[in-house]
Amino acid sequence: MSHSVKIYDTCIGCTQCVRACPTDVLEMIPWDRCKAKQIASAPRTEDCVGCKRCESACPTDFLSVRVYLGHETTRSMGLTY
């Protein structure tokens with residue numbers, strides 16, 4: 001079952017989610033719109049196991065990284081960003 005990993009622009013570039021991911025789904029890429037000049041990216045979502053460790057590691061009040069398991073979407077979960 002495939003999972004969707006979304007990175008939102010509230011990412012502060014701290015790398016916590018990247019370090020927490022056991023399957024290396026996430027990586028940091030250059031991005032000029034935050035203080036750290038980098039943002040998380042999810043180029044390998046097919047490797048996501050749905051553990052949500054990246055979500056747990058995110059220090060922002062509004063989770064910058066979200067994992068949607070299988071058929072979950074922002075709409076089905078009642079979330080709109």
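Including glycine, each Cβ sits where the backbone N, Cα and C put it.
As annotated by Swiss-Prot, [4Fe-4S] cluster 1 binding site applies to CYS11, CYS14, CYS17, CYS58, with the evidence given as sequence analysis. The Cβ neighbour count for CYS14 ([4Fe-4S] cluster 1 binding site), using a 10 Å radius and every protein chain shown, is 19.
Other C-beta atoms found within 10 angstroms of the C-beta of CYS48 ([4Fe-4S] cluster 2 binding site) number 22, with every protein chain shown included. Here Swiss-Prot flags CYS21, CYS48, CYS51, CYS54 as [4Fe-4S] cluster 2 binding site.
According to Swiss-Prot, the feature domain '4Fe-4S ferredoxin-type 1' maps to 2-31, an assignment based on sequence analysis. Counting residues per DSSP class in helix, strand and coil order gives 5 helix, 8 strand, 17 coil for the domain '4Fe-4S ferredoxin-type 1' (2-31).
Packing against the domain '4Fe-4S ferredoxin-type 2' (39-68) from elsewhere in the chain are residues 1-29, 31, 33, 74, 77, 79: each is 6 or more residues past its ends and has a CB under 8 Å from a CB in it. The domain '4Fe-4S ferredoxin-type 2' annotation in Swiss-Prot covers 39-68.
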Response to the item:
Check: min Cα-Cα distance from CYS17 ([4Fe-4S] cluster 1 binding site) over binding-site residues CYS48, CYS51, CYS54 goes to CYS54
Worksheet item: Secondary structure at CYS54 ([4Fe-4S] cluster 2 binding site) (DSSP, helix/strand/coil)?
Response: helix
Discussion item. Between the Cα atoms of CYS21 ([4Fe-4S] cluster 2 binding site) and CYS14 ([4Fe-4S] cluster 1 binding site), what distance do you get, rounded to the nearest Å?
Written reply: 14
